[in-house]
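Inspection log for the structure reproduced underneath, given as structure tokens.
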Amino acid sequence: MRLAPRVLCSAAQAAWRENFLLRGRDVARWFPGHMAKGLKKMKSSLKLVDCIIEVHDARIPLSGRNPLFQETLGLKPHLLVLNKMDLADLTEQQKIMQRLEGEGLKNVIFTNCLKDENVKQIIPMVTELMGSSPRYHRGEVSERPLMFLLDTPGVLAPRIESVETGLKLALCGTVLDHLVGEETMADYLLFTLNRHQRFGYVQHYGLGSACDNIERVLKSVAVKLGKTQKVKVLTGTGDVNVIQPDYPAAARDFLRTFRRGLLGPVMLDLDVLRGHPPAETVP
């Protein structure tokens, strides 16, 4: 099912929210305290390696990077791998590369590990980086195997200053959903999709048109999926059974559908690339 041109035109011209309101949320509690400990342990491991491979989600190539980790790199050869390229809208890929190069990153590869897309470029590039690095002066070099890989867990910054950055990280699955709240995340996702004119959710869920009201969207999703429940409501004439949408279940499906790429490719850092200020307002 394709969206009718009339629907797309009216959606593109609609006035979407310019700000995302997030009241009473403490971003700090979204991120476990052990992250600082993990980063400290990672720093000691870096002394043992000749090249660093930093892996991130291609949908958040800028805001997804840990600024504290960048400070630990030193002069080590460094390769940034932006995975899940199949889920990212790479229309602005050139701008992404320019921004990263401005941050000192010249070696960047976009990959899709599920389809082995560009993955085979990693080892040759790492070999070249180590061979041309002035810091590569080992007395003994391994022959079998030619290369060892030291893996570390993903480490987020212990403190995230921007609520919007935290929400982007959460949408990409780097934070436990329940810490942020599935309905809050679904609302931010809807806000982002509409702001970037990505209306794949309308087609996927068979909605009549794009909408900026998360309650209406989740209600339609719940009804379509059969995620409803009977609830007793006390009235002046006695109890009445009413059908109520299961909003949390609908929100979970909305997030899961996005993460599987079924709503189309999305670039969550589009606002950063275009120099727009953070969208959220926190009274």
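Placed from the backbone N, Cα and C atoms, the Cβ positions cover glycine too.
Taken from TrEMBL, the feature GTP binding site applies to Asn83, Lys84, Met85, Asp86, Gly154.
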Query raised in the report: Residues with Cβ closer than 8 Å to the Cβ of Lys84 (GTP binding site), same chain and 6+ apart in sequence?
Result: Asp57, Ala58, Arg59, Asn112
Query raised in the report: By a simple count, how many Cβ atoms lie within 10 Å of the Cβ of Asp86 (GTP binding site), its own Cβ left out?
Result: 16
